[in-house]
Amino acid sequence: MPELPEVETTRRGIAPHLEGQRVSRVVVRERRLRWPIPEDLDVRLSGQRIVLVERRAKYLLINAEVGTLISHLGMSGNLRLVEVGMPAAKHEHVDIELESGMALRYTDPRRFGAMLWSHDPHNHELLMRLGPEPLTDLFDGERLFQLSRGKSMAVKPFIMDNAVVVGVGNIYATEALFAAGIDPRRAAGGISRGRYLKLAIEIKRVLAAAIERGGTTLRDFIGGDGQPGYFQQELFVYGRGGEACKVCGTELRNVVLGQRASVFCPRCQS
Ligand SMILES: [Zn+2]
């Protein structure tokens, strides 16, 4: 599933080819995504210039002069630029053709993604209740500390709650908790302010490092079938249950928290 770093890298990859360009046509070959693509998307978007490509949580906001295309990559979606008229393969559901001769092509085998239209995207029902962006000053350890008081839920699902902070997926929650030395099973309400300050710093660090690595894939967004995958990075615990901790050698343990698989080191994390 594309996580925040992959979505941010997609934004950086496609934005220079979209911003300032006028849309000539929208071709929809398959409308049935998580929600149906609006029937009138071609009418609404064609002829408009794209002003700005933003990201909010894992949504891409392609802002035109009037209105915004809200796109989500779902479980398996990707966006890349192809030449207009390049034959579409299976699962290549949408082309947004630009006057430059390039088209933004949306591919999504599992069709859990979204392409919606809004005149007020930040107040759209999918976006309006989202917590702060993790890499901004609106998110810090003090926020985690305050919001967690009185909460008995485990700390890992707590930091993965989009109302607390957006974009902390399973990989990044698992790695940040390891780096902060916090047992993911601990009750969120029982963790000290000092440990939350450390945890917020580690969340920012693991996400920023992944985005930085994604920068090496930016050229993959143009032509061919370039599909930047997960960014190669050193994972200390995620996906390593049963293996030795890279820090202390103890066997890493698997546990399920909030219906998500979790791995932690029983010695390094408490
Ligand atoms: Zn360890």
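Just so it is clear, glycine is given a Cβ too, placed from its N, Cα and C backbone atoms.
Worth saying up front: this structure is predicted, and the values here are computed from it rather than measured.
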Further binder of DNA named by TrEMBL next to His91, Lys151, taken from the candidates Arg110, Arg129, Arg185:
Arg110
For Lys151 (DNA binding site), identify the closest of the active-site residues Pro2, Glu3, Lys58, Arg260, judging by Cα separation.
Arg260
If I take the Cα of Arg260 (active site, proton donor) as reference, which of the recorded positions Glu3, Lys58, His91, Arg110 has the closest Cα?
Glu3
Could you check which of the recorded positions (Lys58, His91, Arg110) sits closest to Pro2 (active site, schiff-base intermediate with DNA), going Cα to Cα?
Lys58
Near Lys58 (active site, proton donor) in space, meaning Cα within 10 angstroms, which of the recorded positions do we find among Glu3, His91, Arg110?
Glu3
